[in-house]
Amino acid sequence: MAAKDVRFSEDARHRMMHGVNVLADAVRVTLGPRGRNVVLEKSFGAPTITKDGVSVAKEIELKDRFENMGAQMVKEVASQTSDVAGDGTTTATVLAQSILREGMKAVAAGMNPMDLKRGVDKAVVAAVEELKKLSKPCEDSKAIGQVGTISANAEESVGKIIAEAMDKVGKEGVITVEEGSGLDNELEVVEGMQFDRGYLSPYFITDQQSMAADLDDPYILIHDKKISNIRDLLPVLESVAKAGKPLLVISEDVEGEALATLVVNTIRGIVKVCAVKAPGFGDRRKAMLEDIAVLTGGTVISEEVGLSLDKVTLDDLGRAKKITVNKENTTIVDGAGSADDIKARVEQVRIQIEEATSDYDKEKLQERVAKLAGGVAVIKVGAATEMEMKEKKARVEDALHATRAAVEEGVVPGGGVALIRALLGIKDLKGANHDQDVGINIARRAMEEPLRQIVNNSGEEASVIVNQIKGGEGNYGYNAATGEFGDMIAMGILDPTKVSRTALQNAASVAGLMITTEAMIAEAPKDEEASPGGAPGMGGGMGGMGGMGDMGMM
């Protein structure tokens, strides 16, 4: 086991604080509409220029292991806030640095770190309650657009396109962000249910121009196993041919003579058929087949529920107004399932979302809800260069995340004003002892810090503006972009409540842990192990040889 370097109390905290300051000072300059740029070196190609706090934080690794531990803990605050709320990374970093800086001073003055932490935690709980009171629901597309614009560093086109996407697919619909091929951002909306499986044979194509199979008012056979024997399919094919409608076959696979017969029937015009593989894998496939069955009013033909292919009637098949199948995707528009059944299925999936523990599972379940509820929107990000594309795509994803947070928990006035107003909640707050009171004051001071930083970045005098805003009430604040005072919400400067809340809670949590740190352990640096003088390793070897000679002499 490698040797360890151990540092205690003041020395440990001092080193950790130095690391925090390096990271936080690099991140805080990006805060606000007049935030400065940070240039990041890349191992190949041109450097990246960004105003995104979390991108700056991710780049920072310090040489000193103890300082690096401090930096990594604050980096965790930023990424945690970004994961939960989509924005607020820089705010969280500024808050954590302020709580930690003031907390370290208090600990150095002989105060009890545990009581300081209790005081800070008490203040944060009260401030969060006040934030919730300030919060207003974010329902109209104008407010949604404003939140998106601010999160995307004041880029109006991003806010606009996110608001438009939410209008099209609903607030809970799936909105994905992809790299586009043009210079401008584009919005593409897929109505109905779409899954990523295309036709099994190009002979199913009905429209040569679009290379797709279009089925109008078709029947849909949903089966969970492979189909290779045509005898199983014949009764269904005959019934569908008599009804004079097309047929879509969704199953694990269709192969051999079964596929050949379907192709021949289609080419001869006896019955128009298209076959696709079932979407997903394993349990997810079962669930998605059930979703399709509910959406189209059909039944999943499965031996598990005692149904076999040769016993299928037209009543077991689903229906839809139109189905389009291309090489990669199948889109079912206007399924014939009953609205009540679809609603019940959506509720069922929502319960699973609440119980899901992994982000991946949650994302997949949300996609299922959106497909059942009717639509997926794709924002295609346009840019002139690949470097700009990556930066822009990250900003659009953040803005989308923040907008969802705003819809979920509402909005508060932006520009650091919400945290100033939340100070009302801790105005008369008292701790159990003097040290806890100091902790409450540390939180109070930290909550002013984001506003101070926004003002500093815009080149104005922070203390004057902070005092002026404290003298106002409600949404009254300072617009750093224009240098005007006024109603922040009327000026379109909003923050999602979830962003302000998460930033404050995460910052206090990590800063509290760091204040109460009494020892730090890291691997000892390798270069200290080499003995001094001569080439590394030579001295030790030679000494050993000398010793051997002495022993021989005796």
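For all residues, glycine too, the Cβ spot is worked out from N, Cα and C.
Annotated features in Swiss-Prot:
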BINDING   30-33, LYS51, 87-91, GLY415, 479-481, ASP495  ATP binding site
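On the structure: features taken from Swiss-Prot.
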residue: THR30; record: ATP binding site; contacts (Cβ under 8 Å, 6+ apart): ARG36, ASN37, VAL38, THR50, LYS51, ASP52, GLY53, VAL56, THR90
residue: GLY32; record: ATP binding site; contacts (Cβ under 8 Å, 6+ apart): GLY415, GLN453, ILE454, VAL455, ASN457, SER458, ALA480
residue: GLY88; record: ATP binding site; contacts (Cβ under 8 Å, 6+ apart): THR81, SER82, ALA402, ASP495, VAL499, SER500, THR502, ALA503
Using all protein chains in view, find how many other C-beta atoms are within 10 Å of the C-beta of ASP495 (ATP binding site).
31
Is it possible to get the count of other C-beta atoms within 10 angstroms of the C-beta of GLY415 (ATP binding site)?
24
How many other Cβ atoms are found within 10 Å of the Cβ atom of ALA480 (ATP binding site), counting all protein chains shown?
24
ASP495 (ATP binding site): secondary structure state under DSSP, collapsed to three categories:
strand
Cβ neighbours of LYS51 (ATP binding site) where a neighbour is any other Cβ within 10 Å:
20
Run through the Cβ atoms and count how many others sit within 10 Å of the one on THR90 (ATP binding site).
28
